[in-house]
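Let me begin by presenting the structure, written as structure tokens, before commenting on it.
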Amino acid sequence: MGGDMKVLNALDSAKTQWYHFTAIIIAGMGFFTDAYDLFCISLVTKLLGRIYYHVDGSSKPGSLPPNVSAAVNGVAFCGTLAGQLFFGWLGDKMGRKKVYGMTLMLMCICSIASGLSFSRDPKTVMATLCFFRFWLGFGIGGDYPLSATIMSEYANKKTRGAFIAAVFAMQGFGILAGGIFAIIISAAFEASFKAPAYQVDPLGSTVPQADYVWRIILMVGSLPALLTYYWRMKMPETARYTALVAKNVKQATADMEKVMQVDIGTEQKEPAAVSTVKSGNEFGLFTKKFLRRHGLHLLGTTSTWFLLDIAYYSQNLFQKDIFSAIGWIPAAKTMNAIEEVQKIARAQTLIALCSTVPGYWFTVFLIDRIGRFTIQLIGFTMMTVFMFALAIPYHHWTLPGNHIGFVVLYSLTFFFANFGPNATTFVVPAEIFPARLRSTCHGISAACGKVGAMVGAFGFLYLAQPQDKSKADAGYPAGIGVRNSLIVLGVVNLLGLFFTFLVPESKGKSLEEMSRENEDSTEERADNKTVPV
């Protein structure tokens with residue numbers, strides 16, 4: 001084994017140590033922030049409609065026009081998609097660590113800025129919000145490939161899946177924190193500024209102070225990221241990047257000896273020199289060799305993430321609409337503006353607490369026991385089953401007294417999304433591609449997921465409208481109804497199940513084994529022996 005492989009073997013066989021948990025917390029807080037920032041918008045969109053789009057004399061509270069709602073909900077995903085591709089590529093070019101701090105600062109600044117606006121004119125407020133949420137998404141996008149790649153390259157092969165999944169599981173706590181904070185803020189404002197229901201006093205139901213509620217909720221998202229910035233900057237570059245891409249085995253060994261507090265040994269100078277020879281096996285992304293080795297893998301990771309996110313994000317962003325449709329959240333006109341925020345936040349927090357968070361941690365505990373492939377297969381299968389169980393007897397669920405059954409089944413689709421493809425689609429691309437293309441390929445896979453999220457965010461907004469145009473929300477065309485929309489999501493999950501068969505199992509294998517880089521280094525050494533010195 002070459003000198004570069006010695007440090008990698010030390011990483012693969014290392015016992016679980018404190019630095020593993022430090023890395024999980026540092027990378028995980030980024031994901032905590034990502035989830036808070038991405039999903040807290042769904043808590044305040046109805047409030048924004050009431051504040052800025054009130055129509056005098058209307059029987060319903062104001063709501064965001066279709067194009068504004070689509071922009072507010074989806075613009076962060078456009079930024080995320082661009083960030084995943086850009087920072088994914090940059091992470092392979094400049095190194096994981098150098099780029100890691102940039103993404104975090106961008107998230108902090110834009111999170112604060114999205115709660116500010118330059119006037120009280122609806123167009124200006126929404127334009128400012130959308131502008132900063134795009135750049136917030138851009139920073140969040142960079143966190144996906146970098147966090148996954150850093151964690152996979154730090155971890156040992158025995159518990160690698162659990163460590164990467166634990167970073168991603170912080171998303172669940174981010175969603176939960178968003179809901180809990182929204183409940184606390186809305187309760188405080190509700191107690192301080194009493195207001196009648198909309199049907200009693202349309203204008204008086206939205207107190208002027210309600211404008212602070214959505215701003216505070218959005219801006220608080222910067223705090224967890226700020227808290228971990230210093231530790232992110234202190235992390236050394238991953239040994240796999242330093243050894244395999246930067247070709248500095250000595251530095252990689254020194255970094256890992258310091259981090260793991262063990263003596264790996266740097267006396268093998270000859271292999272380190274060999275590793276600087278440019279290998280013919282260093283194929284690029286757009287080559288026949290990559291297509292032959294990893295083409296189907298990339299198709300598997302991109303397609304499954306795309307299909308999952310259509311279902312996952314449409315469910316997550318429009319929970320409030322589904323809960324309103326089945327009557328779990330009272331009719332908007334029976335509440336004042338701040339009370340509505342509280343009711344929506346309570347419903348989303350309950351779902352997160354009972355199904356989203358447990359689903360993530362089931363994956364963490366079981367992924368290295370039963371494997372990525374099995375978890376993804378179970379997840380897509382159960383999501384399909386529950387989605388059809390909600391959709392086919394949909395009328396039954398809307399009848400009084402049946403709401404609890406609907407919410408239980410709906411929660412189970414979230415549980416199996418997170419104990420399933422939502423976690424595994426994040427883990428696998430960080431394990432199966434070569435080190436020099438790992439961050440890029442993870443970024444491409446994640447960006448395809450965000451295309452799915454945009455299809456879910458924009459598509460579901462229109463599809464779920466009632467088939468009778470007179471019952472649709474103001475400004476929307478007639479849709480296919482919630483029932484048919486749920487059937488469409490069921491079919492999407494079924495397709496995800498089939499595409500899972502393109503994704504290889506990486507349980508218990510080293511990163512070099514999965515990407516076949518160990519074969520490349522063996523071939524390289526054989527070639528070098530035949531070259532006259």
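Just so you know, glycine gets a Cβ as well, placed from its N, Cα and C.
The annotation domain 'Major facilitator superfamily (MFS) profile' is assigned in TrEMBL to 23-508. Marked as region 'Disordered' by TrEMBL: 508-533. Residues or ranges marked as transmembrane segment by TrEMBL: 21-48, 68-87, 99-118, 162-189, 212-231, 350-367, 373-392, 404-423, 443-464, 485-504.
Only pairs six or more apart in sequence are counted, and the transmembrane segment (212-231) with the transmembrane segment (350-367) gives fewer than three Cβ pairs under 8 Å, not enough to call it a contact.
Counting residues 6+ beyond its ends, the transmembrane segment (162-189) has Cβ neighbours under 8 Å at 20, 23-24, 27-37, 39-40, 43-44, 147-148, 151-152, 154-155, 207, 209-210, 212-213, 216-217, 220-221, 224, 316, 338-339, 341-342, 344-346, 348-349, 352-353, 356-357, 359-361, 363-365, 367-368, 418, 422-423, 426-427, 430-431 in the same chain. Note: the stretches the transmembrane segment (350-367) and the transmembrane segment (404-423) are in contact (3+ CB pairs below 8 A, sequence gap of 6 or more).
Using a cut-off of 8 Å between Cβ atoms, the transmembrane segment (443-464) and the transmembrane segment (99-118) share fewer than three residue pairs, counting only pairs 6 or more apart in sequence. At the 8 Å Cβ threshold, with sequence separation of at least 6, the transmembrane segment (99-118) comes into contact with the transmembrane segment (21-48) through 3 or more pairs. Sequence-remote contacts of a segment are chain residues at least 6 beyond its ends whose Cβ falls under 8 Å from one of its Cβ atoms, and for the transmembrane segment (485-504) they are 296-297, 299-301, 303-304, 307-308, 310-311, 314-315, 372-373, 376-377, 380-381, 383-384, 387-388, 390-392, 394, 421, 428, 432, 460, 463-464, 479, 514. Averaged over the domain 'Major facilitator superfamily (MFS) profile' (23-508), the predicted model reaches a pLDDT of 86.
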